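Novice: Annotated ATP binding site per Swiss-Prot: THR9, PHE10, HIS17, GLY88, LEU89, ARG90, GLU98, TYR123, SER124, PHE125, ILE126, SER127, SER128, THR129, in sequence order. Feature annotation from Swiss-Prot assigns substrate binding site to THR9, LYS41, LEU73, ARG87; the stated evidence is sequence analysis. Positions annotated as site 'Transition state stabilizer' by Swiss-Prot, on the basis of sequence analysis: HIS17.
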Amino acid sequence: MNRVLYPGTFDPITKGHGDLVERASRLFDHVIIAVAASPKKNPLFPLEQRVELAREVTKHLPNVEVVGFSTLLAHFAKEQNANVFLRGLRAVSDFEYEFQLANMNRQLAPDVESLFLTPSERYSFISSTLVREIAALGGDITKFVHPAVADALTLRFKK
């Protein structure tokens, strides 16, 4: 069975992330969205809420599971019996960092392959950072995120 691990901070999960998950769900037997705690990134949403939002966005996909983690990714992949890391590449600028990450992961988890997918062109410009900035300034984010995520962002920035 092919089990793919799609790691990220997902702060918040966007339609670009959702596009990759949908496509991965057709390619793999089981997709695990691995939501990283990432405390050094000082996320807008706590881990539990990011996990819940990812579950809401992907609830229509029966072979997709969402799990939070705060350990080394290579160790988490072994715990989950994953044999593939899935990473998204929006632009050439993403490649250098992702290439380094893939090589490091190969050293730490040699049995887990790294696979890169590019998002659909209509989502290639979306990033969680941009979505947060637009939401913080009161802009319309409904084209970039699932309605539950838009609601969570609106509520978060009303405070």
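Every residue gets a Cβ built from N, Cα and C, even glycine.
These figures come from a predicted structure and were not determined experimentally.
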Novice: Near the Cβ of LEU89 (ATP binding site), how many other Cβ atoms are there if near means within 10 Å?
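Specialist: Summing over all protein chains shown, LEU89 (ATP binding site) has 17 other Cβ atoms within 10 Å.
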Novice: For a quick check of understanding: among the binding-site residues HIS17, LYS41, ARG87, which residue's Cβ has the most other Cβ atoms within 10 Å?
Specialist: HIS17
Novice: Quick one: Cα separation, THR9 (ATP binding site) versus LEU73 (substrate binding site), in Å?
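Specialist: Approximately 12 Å lies between the Cα of THR9 (ATP binding site) and that of LEU73 (substrate binding site).
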Novice: Just checking: which of LYS41, LEU73, ARG87 have a Cα that is within 10 Å of the Cα of GLU98 (ATP binding site), counting only these binding-site residues?
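Specialist: Of everything listed, what lies within 10 Å of GLU98 (ATP binding site) (Cα to Cα) is ARG87.
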Novice: Nearest to LYS41 (substrate binding site) in three-dimensional space, by Cα, is which of the binding-site residues HIS17, LEU89, SER124, ILE126, SER128?
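Specialist: That would be SER128, the closest of HIS17, LEU89, SER124, ILE126, SER128 to LYS41 (substrate binding site).
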Novice: Write out the long-range same-chain contacts of ILE126 (ATP binding site), meaning residues 6 or more apart in sequence whose Cβ is under 8 Å from its Cβ.
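Specialist: Correct list: THR14, LYS15, GLY16, ARG90, PRO119, PHE144.
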Novice: Could you tally the C-beta atoms, other than its own, that fall within 10 angstroms of the C-beta of GLU98 (ATP binding site)?
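Specialist: Step by step: centre on the Cβ of GLU98 (ATP binding site), count other Cβ atoms within 10 Å, giving 15.
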Novice: Relative to the Cβ of LEU73 (substrate binding site), which residues of the same chain, six or more apart in sequence, are found under 8 Å away?
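Specialist: Sequence-distant Cβ neighbours: LEU5, PRO7, ALA34, ALA36, PHE85, ASN105, LEU108, ALA109.
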Novice: Using C-alpha atoms only, work out the spacing between ARG87 (substrate binding site) and SER128 (ATP binding site) and round it to an integer in Å.
Specialist: 15
Novice: For the binding-site residues listed here (THR9, SER124, SER128), tell me which residue's CB has the most neighbouring CB atoms inside 10 Å.
Specialist: SER128
Novice: Tell me the coarse DSSP state (helix, strand, coil) of GLU98 (ATP binding site).
Specialist: helix
